Amino acid sequence: MNQLDRRTFIKLLGAAGVASTTSGLVFPSSSAAAGAKARVVVVGGGFGGATCANYLRQYDSSLNVTLIEPNIQFVTCPFSNTVLAGMKSINFITHNYDGLRKNRGVNIIHDTVISIDATAKKIKLKSGKILAYDRLVVSPGISFNWHEIEGASAENSKIMPHAWKAGAQTTLLQKQLEAMKDGGKVIIASPRKPFRAPPAPYERASLIAYYLKKTKPSSKILLIDSSGDSEELAMFRTGWEKLYKGMIEWVDGSEQGEIVSADTKALSLTGRTIGTLKGDVVNLIPPQHAGEIARVAGLADESGWCPVNPQNFASTLQKDIHVIGDACIASPMQKTGHSANTQGKICAAAIVTELSGGTMPDVTYNTSIYSLLNPKYALSSAGVYRLKNGKLKQIAGGLSAKKASRKTRLKEARFASGWYKGITMDTFGKI
């Protein structure tokens, strides 16, 4: 992406804020007018699913909307790196579904979907309950491709945490960092794209460095980056040079250099071309694909991700099922919480419009990403997208200015806090 001057960039961030990208749409008469109250089931209560359930009820209060989510609380990946840095507590990034239930009238069922019958339009839950739907929205997030790294597994992630699903893994990695001796080495290994939150490994390295600089200043961080060099990385490296000189070492893990094996006893990782590297704390982020239920239900293609029509996020593989969030293929939108939030709103608007017999008009797709390097220094990016010939095209956006002043970086850090408060309130029906 191109770098933008400060004024243009701030304007774009405003356009890519958490306000609804579908504001101004006029919906046809209530979907209930076509017959019985329409039943929409949403699977997954993250930024995509929770937002979609929320806005379905806002756009048409006659809809019977049910959200299926196994966890009583949702712990966000955005701002989870601040927990590792000791800046925030795990409670700060933990949210419940009371707002959706009480403020929006969404039916919340804490259970797990084990199968989807697209022909009969029914889903089966782990509890044995069967639910029928008129439209189904699947927002299952990611699962890990453990088999691509020898020695990696869900069990072994208790030793080499990924912390790429926030919650217990975040707390585990935080405790490992706290227990590490001064002078120790932290290894962060990121997977090849596509994966959830591409800038987040750089933010994680930054905020772990912030913590270590204060508490264990002789320690080092080794970042094995399968994404390779980029303009965005260059901005982080400039920040590292200013804030953490000599503390973070970047290793190019691209061009067949990605991690192929992990030894939890030796706390070492081996790459195709970079040899074996040993650490005291190893944060291994595995390759990823769409959440399991999406793949089991035949919503994913050979890539492991779910192809959709970006106009309404309808699956191209199964009728009357929509897929949003990290699981769907919506390039050039990155797999981030804000992308999922935007997709949830657009998907909700499309479902309400289609159930009412209308046609979804073209809308703007907005995203923004903030990355903290310390509490007073942040980087930002924004993206604005429109449909062109059936595909999403970026029409505006870019990175914040590379040579921005400390004052601007401080302002962006403050914007990051405001963004997080706004998107969580918006997603979980707190406003």
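Along the chain as shown, residues are numbered 1 onward.
Yeah, the Cβs are placed from backbone N, Cα and C, and that goes for glycine too.
Going by TrEMBL, these are the annotated features:
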DOMAIN    39-156  domain 'FAD/NAD(P)-binding'
DOMAIN    170-286  domain 'Sulfide dehydrogenase [flavocytochrome c] flavoprotein chain central'
DOMAIN    369-428  domain 'Flavocytochrome c sulphide dehydrogenase flavin-binding'
DSSP composition of the domain 'FAD/NAD(P)-binding' (39-156), residue counts helix/strand/coil, works out to 33 helix, 39 strand, 46 coil
Within the domain 'Flavocytochrome c sulphide dehydrogenase flavin-binding' (369-428), residues counted as helix, strand or coil by DSSP: 22 helix, 27 strand, 11 coil
Residue counts for the domain 'Sulfide dehydrogenase [flavocytochrome c] flavoprotein chain central' (170-286) under DSSP, helix then strand then coil, are 39 helix, 34 strand, 44 coil
Rounded mean pLDDT for the residues that make up the domain 'FAD/NAD(P)-binding' (39-156): 99
